[in-house]
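Engineer: Take this structure first; my questions come after.
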């Protein structure tokens, strides 16, 4: 059974094909990385996979199920969690409530129960402790630092119990110490059985963290494989350096 | 002030006492009112409170601002009146049935207006009032058109006017309380967390697995139901309906102003706003009668609130006080978009 | 007889559609540059009509001449409104709060007009008010033709401005992708202000055209804003040609429906179309990529 793959995925904005017949498959249980020059369509691809944008054509298959064009919350429910480029939290909710927003709800009765029930809170606190910001749980999310917001976003994604986590530039705009912390977290979570798909510009991080790399250029994959192989692929060099 | 999402800034006991005292004062109002006119003003304000709390199911919980809630109160009023006169149903049953029907009608309306974000919701909310006004005026055979529609009184003729006012005052207060309790329950539920997530960042909420469309639709229908209940009750009290006043954009904008002024994020905000704005509206009508100046005043007040205190008058006052407090930090006025902007600059700098 | 009636309705519908198209283009401009649904657009339309009426009443000159005052005035007002008021709103809540703010402006205009000129219905009497042309049995009032001509010329000018000039290019870039436009060195804030000014200028032209042949009163703007908003949604928010096509189609449909249904019921066509559009094709029918996201 296929894990997560796209077939001929295409999305055009006006005349520009941001994603152009992209056929990509990711490997289960691994840390997959998606790299490519600026404007190569990585984020649009991400948005098509997670349902934020409806692709013009092509399919997205997750665990053998066609999820093309499904609403984002259904894709999230299917087990595909994601973070956003530039990081998005709910600015005027407390850190704790931010995490609680990720609780998986099923059925009306469950939804009408109090949001602050002990089980959920315990789990949320556990996740906050795991990313290391448990001391901030009462602060409003807009009042904590950017790096802390990145960690908070990750905790929220984890609350929704995804099997697969897609991170859009987890190292973007954060200091080296925090990058190290995020990398460690990703490795740990991966060791626990979660699959990652990461869009990232920081090559050092990509090369040290990932098992499988897909290189994007002009809306489609041009190379894929182990980090070391991809690094030496002439097509990749060409795309990056324009030689 | 009972603030919805803050846990334990004020001890629960004090808040409970404050709530009981407040409720006691409200319930004592008919006995304290010096004359029937003041009492009738009280009824109008209580009806505004019920409407504003009903509006706040959508406005406060999801951040979607409807300017057309008069559509639902008007439909509730006409529905109640027609069920009584045409079908001979008991007035109170009519009121509830009419509100249920309006709630059902709100489903397709919600589906059309909530599917896409923001702008189209507002457009539909306004269009709905305009179309209902057209229909109510043209369809004179049913609605009485501009001549108005008489609504039979639910209480016998032996009940005098002041007595009527008093009873309806308590009825409106009861309706408001029921709506408040439900709002509070939703606010603290998981549904409420999902709704507030929608208000803050709808994409993000969806990505976390919140079924945003269904959630919005639920509170939209609840809101329409309570608005129609208040509209039906108003019809029973007032005794006659005129399309111009029932399907009025102005009524809808009063509700928005009340809720915004009081604070949409708090439980009692809309009630506070209803008291302030409702009193002001009645005062203005009394002082300046029919001139169009009340429109100017309403417009200016709305603009001021939107520009300077979009979170409501109470958060605004506290932030103003904080400025003068020694060592007080100024409230950070940042939100998602601004944060994103700052971040972009940060990233640009890093590259 | 019925054929000439049909023809007459068709022509009247086209003429009215022209005015709708111009005004909808204005609304589209605001939406394009700032994602703002400008409720006060039709209130400014009525304000311009009142100014034209007042101008003629005071000076005895042709109301068309008032355009030389109202167009620059409205352009400046639009610029100031965008820069001083709307740009102050927080980006996160802009869509909702801008609706309320422009709604508030509409109320102030309506109330102000009612206070200054009373609620009495007003109408300009001109030498050529009663004149009409006969075309295969259809009688078309000259003032309606003038109004249409005015709308058509303005719309054409707007189109050329957007397509042919550097300013138009900057404006279109701002509409399509604000950040990208900034990277190209475009001062998008100023451009947004000018976009607003242009939008309001369409209301000035439209108001004068309206004053030529309609009876005006302060609360008339509510009858205009609904149809106009329906037009921009159906046209696909953000697309001027889309809005123009939707305006013409709906204008004609409305005029044709007036024959069997009467004026009031015919108005509902806008709302029915709006509702159906949102149900079945929320991104609108004619272009307008913006709608998907708003």
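Cβ atoms here come from the backbone N, Cα and C positions, even for glycine.
Unlike curated records, TrEMBL annotations are generated automatically.
Not measured: the values here are computed from a predicted model.
Pulled these from TrEMBL:
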type	residues	note
TRANSMEM	C:6-29	transmembrane segment
TRANSMEM	C:36-55	transmembrane segment
TRANSMEM	C:61-81	transmembrane segment
TRANSMEM	C:93-116	transmembrane segment
TRANSMEM	C:136-162	transmembrane segment
TRANSMEM	C:191-212	transmembrane segment
TRANSMEM	C:224-250	transmembrane segment
TRANSMEM	C:262-280	transmembrane segment
Engineer: Between C:61-81, C:93-116, C:136-162, C:224-250, C:262-280, who has the most Cβ pairs under 8 Å to the transmembrane segment (C:191-212)?
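Structural biologist: By Cβ pairs under 8 Å, C:61-81 leads among C:61-81, C:93-116, C:136-162, C:224-250, C:262-280.
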Engineer: Considering only Cβ pairs under 8 Å, which range in C:6-29, C:36-55, C:93-116, C:136-162, C:224-250 makes the most contacts with the transmembrane segment (C:61-81)?
Structural biologist: C:36-55
Engineer: Can you work out whether the transmembrane segment (C:6-29) touches the transmembrane segment (C:93-116), with the criterion being 3+ CB pairs under 8 Å where the paired residues are 6 or more apart along the chain?
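Structural biologist: They do not touch: fewer than three Cβ pairs between the two stretches lie under 8 Å.
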Engineer: Grab the same-chain neighbours of the transmembrane segment (C:93-116) for me: Cβ-Cβ under 8 Å, and only residues 6 or more beyond its ends, written as numbers and ranges.
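Structural biologist: Beyond its ends, the transmembrane segment (C:93-116) has Cβ neighbours at 34-44, 46-47, 50, 81, 85-86, 218-219, 221, 225, 294.
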Engineer: For the transmembrane segment (C:224-250), give me same-chain residues lying six or more residues beyond its boundaries with a C-beta closer than 8 angstroms to one of its C-beta atoms, as numbers and ranges.
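Structural biologist: Distant contacts of the transmembrane segment (C:224-250): 14, 17-18, 20-21, 23-25, 27-29, 31-32, 37, 39, 41-43, 45-46, 106, 155, 158-159, 162, 175, 267, 269-271, 273-274, 277-278, 283-291, 294.
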